[in-house]
Amino acid sequence: RESDHRAWTPVTYTVTRQNATIQGLIQGKAYFFRIAAENIIGMGPFTETTKEIVIRDPITVPDRPEDLEVKAVTKNSVTLTWNPPKYNGGADITMYVLESRLIGKDKFHKVTKEKMLDRKFTVEGLKEGDTYEFRVSACNIVGQGKPSFCTKPITCKDEIAPPTLDLDFRDKLIVRVGEAFSLTGRYSGKPAPKVTWLKDDTVVKEDDRIKIKTTPSTLCLGILKSVREDTGKYCVTVENSTGSRKGFCQVNVVDRPSPPVGPVIFDEVFKDHMVVSWKPPLDDGGSEITNYIIEKKDTHKDLWMPVTSATVKTTCKIPKLLEGREYQIRIYAENLYGISDPLISDEMKAKDRFRVPDAPEQPIIKDVTKDSAVVVWNKPYDGGKPITNYIVEKKETMATRWVKATKDQIFPGTKFKVPDLLEGCQYEFRVSAENEIGVGDPSPPSKPIFARDPIAKPSPPVNPEAVDKTKNSVDLSWQPPRHDGNGKIIGYLIEFQKVGDEEWKQANLTADSCPETNYKVTGLTEGLTYKFRVKAVNAAGESDPAHVPDPVEVKDRLEPPELILDANMAREQHVKAGDTLRLSAVIKGVPFPKVTWKKEDREVSPKADIEVTGVGSKLEIRNTVHEDGGMYSLTVENPAGSKTVSVKVVVLDKPGPPRNLNVSDVRSDSCYLTWMEPEDDGGSVITNYVVERKDVASAQWVAISSSSKKRSHMAKYLMEGTQYLFRVAAENQYGRGPYVETLKPIKAIDPLHPPGPPKNLHHVDVDKTEVSLVWNRPDRDGGAEITGYLVEYQEDGADEWTKFQTVPMLDCVVTGL
């Protein structure tokens, strides 16, 4: 029944168990219930609930919290957040319980304080380097719910993030003097970065005008009432242990310029104008000077008159002046931001103070040739203005008109080589100086000169020598003089003197009778000794004499043979087989010697071409073969003596066949080859040997080694029972020589040896005329199957063993004893 009703309502009559489910109740209402038992006799008394029961859903513990996340990690703390459970169990959450477990341990430990309802918690006091996992549970009035899923293992260490930098300013910033400016931005990084401000690589320090403000995420540099000195390159550096970032800004604090730098220089002063110059301001205000403003003032008046305001040069012409008046000049510099204070000049009177240069003194003429002359002069007074050019003029002596020697500028030198003169003509020269004012008067004319090359006597002839002689003549030879005196050599005069005499006699009367550099002096007396000398002659006269170094005895010349070897005979000669061998030498001697070529003291091969000329000899062999090598000799002989030279010729060819090829240590899969080097290595070092094998049943040779330098080889991988032939050839840089081959086939089988002795021979039974023996197999069978065992016996004390019989097995009964 409902608690506010008195009437009972039956629920069911068919319950046979000790429980029942009552349905159709209204949520929120209070009810009483009663129950009675019944049997076939009838219904017993009711039992009633003691208090009313309010109908509502049952309350359970909350579900597990969701989205447990790690937000921050340091070396001794971890910050976590989570979301509430999807279902609170039917009652409000009263608190959360956060637990941690050190990895490696079994139990979780509570880390939150009592009654914590926040869903964010920082676990502190952890040990750096340890690894933990965390979980969280929700509680309501019923109790503590299931824990959340565990976090991943978290190691306690400081989080690291490289710095970031986000600036609010650009690369360049222009500020007017007196204005304030600031450089701001944002930054981040873990651990918290250090912020440093630099100006032109110098740390910026705070003062009354400069303020620096840095928060954990923003940075700011502010300057109040900027001045020109604040101009510079500003740099902000954000740095932590993982790296750094930099930002730059070129700040230009601009102002009007400072005044132009004086004094004002009066470069030119005339009766009606002046030219003035000055230097730019020391400080352009941070902005390029756009122009200068120039004004003039008559010192008798107070009024400044404009001259120009459109010049950017630091020089200006001041026009429209009155002769004799004194003037002052005032100059301002201007940029985009204003006009400077003025620079004021001293007073200057308007009058001419410069003139053209004076006339130079009479010029001097030097180094005259047939088509040129060098004019030299002294610098005249320049009239107050620097000389900028000299004008050189020429004229033929009989002419009236002066002509400029060149159109080019002649400055600063005071000499000039005048070109393009006509040979044989007579010339005069004069010089004028020029400055900004004009050209001055010309100098007096130079002394007249003729255009022609100067001629001097030649130098002596070079290296005169006696090159040949007979019983009444001597042949002389020399080289032309080093200097011809600028005149053509007409010829040579040859003189001789008998040793002991003082007088020199002429061999030729006129120089033109000996135009060449050799001469035969004839009419000499046999047996006498003479000295000789030679002079060169040109239009200016005779040179000093050049003497033949040694006196010459007049007689027929006899010279022993002399051999001058060509390069192909100077050392051992190597020729590749098939190429051409050439041996040659220059031969001297009087009379010309007899020439003989030999090889190994025998006549040379008929295939050799031998050529003898008046100056030498040559031996040539085409298509050389190895046999052409050997020792070649060349002998030259005349009545004065003989001379022999030899050269070893090596004809480089392929090597010969190796020697004594031997096969040993034959096995079923290998054998060992040895050989000796060839008798003939072809004139070149043996680089390697080529080893090949061939199955006797095959036509094909197979290479088994081609790079070995040793004279032996282990031939492996043979087929057991197969017969093989082997061959070896030597190689050098000129090719592979012929093969040497094994004389008979080699069969690949292991070598056979007698077997070892049987082991453990002993008797197992003895009778009066017989013995039963047994034994074990030997350790080695010698490379073939054991076919039987020979049993012998010997009477004790006897010398001879008696053969009993050969048995196939490991036992035997010896009878007949």
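Every residue gets a Cβ built from N, Cα and C, even glycine.
Residues annotated as domain 'Fibronectin type-III' in TrEMBL: 1-58, 64-159, 259-353, 359-454, 460-557, 657-751, 757-817. If you look up TrEMBL, you'll see 163-252, 561-646 marked as domain 'Ig-like'. Taken from TrEMBL, the feature region 'Disordered' covers 455-481.
Confidence annotation: the domain 'Fibronectin type-III' (259-353) carries a mean pLDDT of 92 in the model. Sorting the domain 'Ig-like' (163-252) by DSSP state (H, G, I as helix; E, B as strand; all else coil) yields 3 helix, 58 strand, 29 coil.
Counted over residue pairs 6 or more apart, the CB atoms of the domain 'Fibronectin type-III' (259-353) and the domain 'Ig-like' (163-252) come under 8 Å in at least three pairs, which marks the two as touching. The DSSP breakdown of the domain 'Fibronectin type-III' (460-557), given as helix, strand and coil counts, is 3 helix, 44 strand, 51 coil.
Helix, strand and coil counts under DSSP for the domain 'Fibronectin type-III' (757-817) come to 0 helix, 29 strand, 32 coil.
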